[in-house]
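**Student:** Sharing a structure here in structure tokens format.
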Amino acid sequence: MTHQAHAYHMVDPSPWPLTGAVAALLMTSGLAVWFHFHSTTLMALGTVLLLLTMYQWWRDIIREGTFQGHHTPPVQKGLRYGMILFITSEVFFFLGFFWAFYHASLAPTPELGGCWPPTGITTLDPFEVPLLNTAVLLASGVTVTWAHHSIMEGERKQAIHSLTLTILLGFYFTFLQGLEYYDAPFTIADGVYGSTFFVATGFHGLHVIIGSTFLAVCLLRQIRYHFTSEHHFGFEAAAWYWHFVDVVWLFLYISIYWWGS
């Protein structure tokens, strides 16, 4: 191995960006094929390829950062900046949905009956399942912070327990959201109300699933002694992402469920 006189990580050539891009193409085009031709083959292929890419890319990063020592302080600083910029881009992504919602609701057109919610729409009670979901996500924010402090203090078992609890709360939120969708008195096809509701809450739900997966990988890594009290950026990034998902839900709850109903 050649001597490296700097602290930066010179990344080896990797096939995973290419396979990830192909998986994304197959999934998005597969979604369109599913909607129009009722065939899920292309989307299933994309999903399988995406899962394989995720597994192998994460495996490579864990090898480089945990076992080969490539994640030096300057590299970790770069990763932190990257995660902050990624979350900032996600903020603007959700800002688009809130903009669409408020554009439609603050000045409802005559086609909507000049009122919000539009004429004929029966809304969900914000003080039933949505309020429970809010409590579940806020509790998960507490447990993920507990996990973070446990890792920093070297309390391995506490970290495992609190992280497991966070993941279970995440899956419980997803389950409740699925029930709510199933029982909703309106659909995504019910005009601007249905589309803004399901697209905004649906993308948030997708982010909860992604965050739960992220935390599940961190749990496996914690069980296998990958984290130390000083070196655990993988978990830190997952915790930041989870807090972001929490905050987005609070805005969704106040805007769409409570004020919008």
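Each residue, glycine too, has its Cβ placed from N, Cα and C.
The shown structure was predicted, so the numbers you read here are calculated from the model rather than taken from an experiment.
Look at Swiss-Prot and you will find 1-15, 67-72, 224-232 tagged as topological domain 'Mitochondrial matrix', backed by similarity to another entry. If you look up Swiss-Prot, you'll see 16-34, 41-66, 73-105, 129-152, 156-183, 191-223, 233-256 marked as transmembrane segment. Among the features that Swiss-Prot reports, topological domain 'Mitochondrial intermembrane' is placed at 35-40, 106-128, 184-190, 257-261.
What's the neighbourhood like for these features in this structure?
**Tutor:** For the topological domain 'Mitochondrial matrix' (1-15), the model gives a mean pLDDT of 78.
Long-range contacts of the topological domain 'Mitochondrial intermembrane' (35-40) within the same chain, counting only residues at least 6 positions beyond its ends with a Cβ under 8 Å from a Cβ of the stretch, are absent.
Applying DSSP to the topological domain 'Mitochondrial matrix' (67-72) sorts its residues as follows: 1 helix, 0 strand, 5 coil.
Across the topological domain 'Mitochondrial intermembrane' (106-128), DSSP assigns 4 helix, 0 strand, 19 coil.
Counting same-chain residues at least six beyond the ends of the topological domain 'Mitochondrial intermembrane' (184-190), those with a Cβ under 8 angstroms from any Cβ of the stretch are 121-124, 197-199.
Below 8 angstroms of C-beta separation, residues 58, 62, 66, 90, 93-94, 97-98, 100-101, 104, 112, 116-118, 121, 137, 144, 151, 156, 159-160, 163-164, 166-167, 170-171, 173-174, 177, 181, 234-235, 237-238, 241-242, 245, 248-249, 252, 256, 260 of the same chain, each at least six residues beyond the ends of the transmembrane segment (191-223), sit close to that stretch.
A Cβ distance under 8 Å defines the sequence-distant neighbours of the topological domain 'Mitochondrial matrix' (224-232), meaning residues of its chain 6+ beyond its ends; these are 62, 66, 71, 151-154, 159, 218.
Residues 62, 65, 71, 76, 79-80, 83-84, 87, 90-91, 94, 98, 101-102, 126, 130-131, 133-134, 137-138, 140-141, 144-145, 147-148, 151, 166, 170, 196-197, 200-201, 204, 207-208, 210-211, 214-215, 217-218, 221-222, 226-227 of the same chain lie 6+ residues outside the transmembrane segment (233-256) yet bring a C-beta within less than 8 angstroms of a C-beta in it.
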**Student:** For the topological domain 'Mitochondrial intermembrane' (35-40), give the DSSP counts of helix residues, strand residues and coil residues.
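**Tutor:** Residue counts for the topological domain 'Mitochondrial intermembrane' (35-40) by secondary structure: 3 helix, 0 strand, 3 coil.
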**Student:** So how many of the residues in the topological domain 'Mitochondrial intermembrane' (184-190) end up helix, strand or coil by DSSP?
**Tutor:** 0 helix, 0 strand, 7 coil
